[in-house]
Structure formats: structure tokens, C-alpha cells
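Annotated in TrEMBL:
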- 199-329: domain 'GGDEF' (DOMAIN)
- 30-48: transmembrane segment (TRANSMEM)
- 60-76: transmembrane segment (TRANSMEM)
- 82-99: transmembrane segment (TRANSMEM)
- 106-125: transmembrane segment (TRANSMEM)
- 131-151: transmembrane segment (TRANSMEM)
Amino acid sequence: MRFLYVGVTLGTIASLIMFYVDLRHGQHDWALSSLLFPACAPPLLYWMRRGSVAAGKAQSGMALLIAIALVGGALASLNTEILLVWIPVLPLAFVFLLGHARAMGWVVWTLMGVIVAYTLFPLFHRGEAPVSLLLFVISLLAAGVSILLSWQHHRELGVYQRYLRTQASYDALTGAMMREPGLEVLGRQMAQVDRRPESGLCVALLDLDDFKRINDEDGHLAGDRVLVEVAAALRGQIRQGDYLVRLGGEEFLLLFPGMGTDGAHGMSEQLRARIPEVTTGLSARPVTASIGLTRYRPGESVGQLLGRADELMYAAKTTGKNRICHDGDVPPDAD
């Protein structure tokens, strides 16, 4: 919003300067076109501020005013060098107003309009020549440099935004997805199964056994190393398209989209067997995991699904640990 105020102010000043230049050259009819931007942009900004006009429409309106003012100004005043100053600024103005993706189309069409205006200038001014071709080409090349700079900025910004999303979505210690983003993914996968029940979704709730004793006896650094190795093993074992979520502490959630119960049980068994192997030597006691495995039932909530997985995981812990309990399981020795 602040940029719009600055942009409207600068655009109004530039248009008034062009109006003055046209008057000095005796081009009174053309001078009126220079007043289009200062006449329309401030009211448009005011209406947007009051909420009468949506921000997106207001920004598109500003861009249209800039394009018309520049092309009209080129037809009117391209025999003076002052207009050339604004051609390199055009790409940056559009990028700030519309974003990089939309701005490039506006820039191309507006510059084409300016080139046409340069070509037709003598026809509208009784044979009077516009500025030299060299100066005009230099201003277009400067606009090209502006486009390259804005593209570079857009690219670097995209890299930084992806980095921030990664930092916000993934646990720094284990590299697993964090709880909130992970539950959002779970919700989307559940909605997909609601639309296509045949696709299926299984989830496994994995909890490391006696992890508190590992922290207490071997220290928190040892506990962290265990978590890192376990998470790396889980990530390396699951398929592309599966998800690993750290719910908190030593508890992990695995999502198996499109996988049936038998396949998910086989995968979970591989993961359970892999954990003691990758953590050998990291703790004085063997590291094992208990897993609750369940299949999503269309229409149920995230809480219901995770609650059932938690009950199954608890059943695995209370019936010997280092095992898997899944839907329909009757744990041995359970009444």
C-alpha cells in the first residue's frame, strides 16, 4: 500500500512534467493526455483505501493508466528526451504493482505500444522527427536491463520463500515435517479419499519405546542422535509420496496414501525392524518402537483417525513393545 502512495505521487509528478513540456512545445491537444494519470490515479487510490474498489482491480487500473500515459506520452512528446527516462522504470513499476508473473505481459505490450508510437510519431506531427533512434534504442535496452534485474530479484525471492516455507514446515533436528503442516497434509489426503474412496489412506503412529530412559541414562545429546538416525531411516525407507511427520518428542506419524492395509503393515514392519539396526551404539539400551497402524474411514475426523492410531499404538506398548498393532488386531493376553 505504501508503494502505491509513492508510485501515484511519482506518476502524478511525471505526468505534470510531461503536461508542462507539451505546453511549452505548443502541443495543447496532446498536453491533455498527460493529465489522464493525475486525474484518475488519486481517486482510484482513495476508493481502494475506502474499500470501494478491490485491491487487485485497483492495481490493474493503475497499470492500465501507466500504460496509456506512457504510450500517449510517446505519441505526444517523443521528440524530447525526458520521456525516455520513464521507459526503463516501466518494468519495475509493473512488477511492484502486479507481481512478476503478470507484469511481464503488461511490460511487453506497453513497450510494443511505445515502439509503434515512435514509428508513427512523424505522421501525427506533420513530419517532425522523434528523438534519435540511438537514444530510443538505449532506453529500450535499459528497460531490458530492468526486466533482467526484476527477474533476478523474483528468482532470488522465490528461493528465499521456499527456504522460509521449509524452515516453517520441517523440524530442524530430524528433517521430518512438523505437527501443524503435517496435520494439514493429513487433512488434504483424507479429503482426497472422501472424493475417491478407492484410493485409500493408511497411517502409522510410531513411538520409540522407553525414550525417556534413554535421555535420562545416556543424556539428551544421545537422545537427539537417536531421533536423527531414526528419522533418517524412516525417510529412506518410505516411498516417494509418503509423509513423515514428527508429532512431538519421540512420536512420529507416517502417512501412506494409496496403500492398502497389507502393504502398510509390511512397510511398518520393515521400519520397526530397521530402527534397532540404525541406532546400534547410540544408546546403552536397544532402541525399539511400538506402532499403531490404521486405515482411514471416509467421513471421520482427523481426531478420530489419530485417536484410533493412538489406541493401537498404546496396545502395542502394553503387550510387549517393539511390535505393531493394526485394525482388527486382538493383542495377545488382552482381555
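Note that Cβ sites are derived from N, Cα and C of the backbone, with glycine treated the same way.
Remember, TrEMBL labels are computer predictions, not curated facts.
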Inset, instruction - Compare 60-76, 106-125, 131-151 by their Cβ pairs under 8 Å to the transmembrane segment (82-99) and return the stretch that comes out on top. - result: 131-151
Legend entry - Outside the transmembrane segment (106-125), six or more residues from its ends: residues with CB under 8 Å to it: 63, 66-67, 70-71, 74-75, 78-79, 87, 90-91, 94, 98, 136, 140, 143, 147
Inset, instruction - Mind checking which residues of the chain, 6+ beyond the ends of the transmembrane segment (131-151), have their Cβ under 8 Å from one of its Cβ atoms? - result: 78-81, 84-85, 87-92, 95, 100, 103-104, 107, 111, 115, 118
Legend entry - Local confidence of the prediction over the domain 'GGDEF' (199-329), expressed as mean pLDDT: 94
